[in-house]
C-alpha cells in the first residue's frame with residue numbers, strides 16, 4: 001500500500017505524543033537452537049502450515065507497529081490479534097532516512113553521502129526486536145519486508161538519493177545499492193533467524209519497475225531470494241508484489257498487464273519463492289469492487305498450476321467494508337490455490353490515541369471488525 005501524506009501526518013502526530021525517553025530495550029530474540037521452534041511455518045501443497053496446523057489462515061497488516069515507542073501498545077495489539085484468532089501479521093521491517101533524525105525518532109537505516117548506517121539502538125531495530133518478542137509470546141507469525149518501492153519511510157528512493165541514480169528502478173540493477181540492501185537483509189535475517197515468530201521474509205513492499213522488461217524484476221527477485229535462502233534456508237520467502245502481469249483469465253485491465261515490469265506466473269516459478277502474493281485495491285486501479293473476485297480466482301488458478309499457495313496479502317476499500325471486503329474473503333476462502341488473506345489495515349486504540357487511518361483501517365471492536373475478523377475467522381473454522 002502506498003500511504004498518503006495525510007496518513008503519514010497522522011502517524012507522525014501519534015508518535016510525536018510519545019515521550020522521547022524510549023523504554024529499556026529488550027534483547028533481540030534469541031537465535032540459539034534451543035530457542036528455535038520445533039517447526040517453522042511452511043507451505044503444504046496449496047495451503048500453509050503454522051505450528052503443525054495445515055489450513056487456511058487470516059491475518060492483517062500493521063506498517064506502524066515497529067515504530068511505536070511504548071511496549072504496552074505493542075503488547076495490546078498482539079493480544080487483540082491473538083484473541084481474535086488472527087495468525088499472521090505483516091509488518092514493515094524497514095524505516096529508511098536520508099538525514100539524521102531528531103532524538104526520539106525511530107529509524108532503522110540512514111542512507112547518506114554514499115554509505116548506509118544501520119541503527120541497532122533503542123530508537124532503531126530494538127523497536128522491531130520488541131515486536132518480534134511480543135509476537136513470540138502471543139503466537140503471532142510475522143511477515144517482515146526489507147524495503148519499500150514507495151517513498152513512505154524512505155523506500156528505494158532513499159538508496160538512490162545516497163548512491164546516485166535517476167529513479168527507483170535503478171535500485172534493482174545497481175551493484176552498490178544492492179550491496180547495501182543485502183547488508184541490511186543480512187542484519188535483519190540473522191537477528192531473528194531462529195525466532196518462532198517469523199512466517200516469511202519478504203523482498204519489498206509492492207516492487208514495480210514501470211516500463212521495464214520483466215527480466216529486470218525477475219533477475220532481481222531470483223538473486224535476492226537466493227541470497228535470503230542462503231542466510232536462512234528454513235524460512236519461507238515471498239516477493240510482496242501486487243500480483244500484476246497475469247494472462248490467466250485476463251480481461252485486459254491495467255492490473256493484468258505487464259506495464260509495471262512484473263510477470264506473476266514467471267516470478268512465481270522461481271524455486272526460491274515459496275508462495276505468491278497479490279494485493280487488491282479497485283479504487284486505485286480503476287476497476288470495480290466486483291472485479292476483485294475475479295482477480296482472486298485468477299491468481300488462485302495461477303498458484304494451483306505452480307503448485308504453490310497464494311496469499312491475498314493486502315486488500316481494502318474506503319467504504320462499505322463489510323459488503324465489499326466480506327465478498328472477497330468468501331471468494332478467497334473458497335478458491336483453491338489461495339491459502340490465507342491479510343486485510344489492510346489493522347487499527348487499535350493506543351496510549352496516544354487511535355492508530356493511523358487511511359480510510360481502509362478496520363479498528364478493533366467495531367462493527368466492521370466483527371464482520372471482517374470475528375465472522376471471517378468463524379467461517380474459516382467451519383470450512
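Note that Cβ sites are derived from N, Cα and C of the backbone, with glycine treated the same way.
According to Swiss-Prot, the feature signal peptide maps to 1-21. The feature N-linked glycosylation site is assigned by Swiss-Prot to 17, 194, 263. What Swiss-Prot records for 92, 205, 281, 344 is substrate binding site. Marked as active site, proton donor by Swiss-Prot on the basis of similarity to another entry: 206. Sequence annotations record features per position, and here Swiss-Prot assigns active site, nucleophile to 314 based on similarity to another entry.
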Candidate recorded positions 194, 263, 314, pick with smallest Cα gap to residue 205 (substrate binding site): 314
Count of other CB atoms lying within 10 Å of the CB belonging to residue 281 (substrate binding site): 19
By Cα-Cα distance, the member of recorded positions 92, 194, 206, 281, 314 nearest residue 263 (N-linked glycosylation site): 206
Alpha-carbon distance [residue 206 (active site, proton donor); the residue listed as 'active site, nucleophile'] in Å: 10
Site with most surrounding Cβ atoms, counting all protein chains shown within 10 Å, from the recorded positions 194, 205, 263: 205
Under 8 Å by Cβ from residue 206 (active site, proton donor), counting only residues of that chain that are 6 or more apart: 1, 2, 148, 149, 150, 240, 241, 242, 279
Separation of alpha carbons, residue 194 (N-linked glycosylation site) and residue 92 (substrate binding site) (Å): 19
Inter-residue C-alpha distance, residue 194 (N-linked glycosylation site) and residue 344 (substrate binding site) (nearest angstrom): 27
Other CB atoms within 10 A, centred on residue 344 (substrate binding site): 23
Number of Cβ atoms other than its own within 10 Å, given for residue 314 (active site, nucleophile): 25
Assigned element (helix, strand, coil) containing residue 205 (substrate binding site), judged by DSSP: strand
Residue 92 (substrate binding site) CB neighbourhood, other CB atoms within 10 A: 24
